[in-house]
Each structure stands twice: as C-alpha cells, then as structure tokens.
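See structure below.
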Amino acid sequence: PAQGSAGLQLVWTTVAEVQNSIEGWMAGRSIPGPAKNVDRPFLQAYYRRWGGEACGRQRAMPHIKSYLRYRGDDVAWLYVGSHNLSKAAWGQLQKQGSQLMVRSYELGVLLVPSLEGAYQAAARGQELRVPLPIPYTLPPQRYAAGDQPW
C-alpha cells in the first residue's frame, strides 16, 4: 500500500463501532458493503476507523459517502454525496464511449476551501484559512489489532 499523506485511506466502520452505536446492530443496515468486497485481504491495510469524535458523532453510524484530499490539517477538496461506488451511481460509458448511461440520480457537493480562501484573501490583501468541518479525525486512525471492518 501507498505510504504518507498522499496514500489511499478508507474510513470504514468497525464491527465494534456498529455494535456500540446508538442503534446497535440495526445501524449496520445503512452501511452498504457486501462481505465479499469488504473482507478482501488487500483492503485491510487501507482501512481507518470511523471514530466520529471530530463532530460528536462517535456513536452515530455514517451513511454519507465522502472523498477528500488532505495534507496535515489542510484539506485541498472534499466531496460529500449520496453516490455509492457503482456504475449505477457514477455511470458507464456505452456505444464506444460516445454515451454515458447513469441509472440513478444522486446529489453531491464539492467543497474547495482553497478557492474561497484565495478569493477572500485577495479581496482583503491577506491570507485566510477557511474552516471545513469533516465527520472524522484527520489523519484517520488505523484499525487497532482485532478490529474488523463492518
């Protein structure tokens, strides 16, 4: 697996996080992930704990899909949406790549704090940091020994 801040990390709830959540085992129903995909050995090195402490949601299980690029405390971009990682949600090229077939409608928002910060800083002639709340701690924490992905 890739190392460092540019490496891939998958924030995914653990079995214990689901069990100890407000809803208990029922909360796991909102976290799609067939065992045949989640349990693949090569993914284990990428998994990180959900945690949720960053926003006070440590006992609330997520259903959001979020993708972000960060380095240290700086977030380059954050996408939050309803898209699963599927062809139905993101689309599939057809007819020799001339047509994109999307089977379900989804909604997402792309936040690029550096653009807003650059705009405001230029307007005032100063540097500005734009806070961007995300639901998990950066950097996401590795699974502990014995943790299992939900």
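Just so you know, glycine gets a Cβ as well, placed from its N, Cα and C.
Annotated active site, proton donor/acceptor per TrEMBL: His63, in sequence order. Taken from TrEMBL, the feature substrate binding site covers Lys65. Residues or ranges marked as site 'Interaction with DNA' by TrEMBL: Ser86.
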Between His63 (active site, proton donor/acceptor) and Ser86 (site 'Interaction with DNA'), the C-alpha gap once rounded to whole angstrom: 15
Which of His63, Lys65, all recorded positions, has a Cβ with the fewest other Cβ atoms inside 10 Å: His63
Neighbour count (Cβ, 10 Å) for Ser86 (site 'Interaction with DNA'): 13
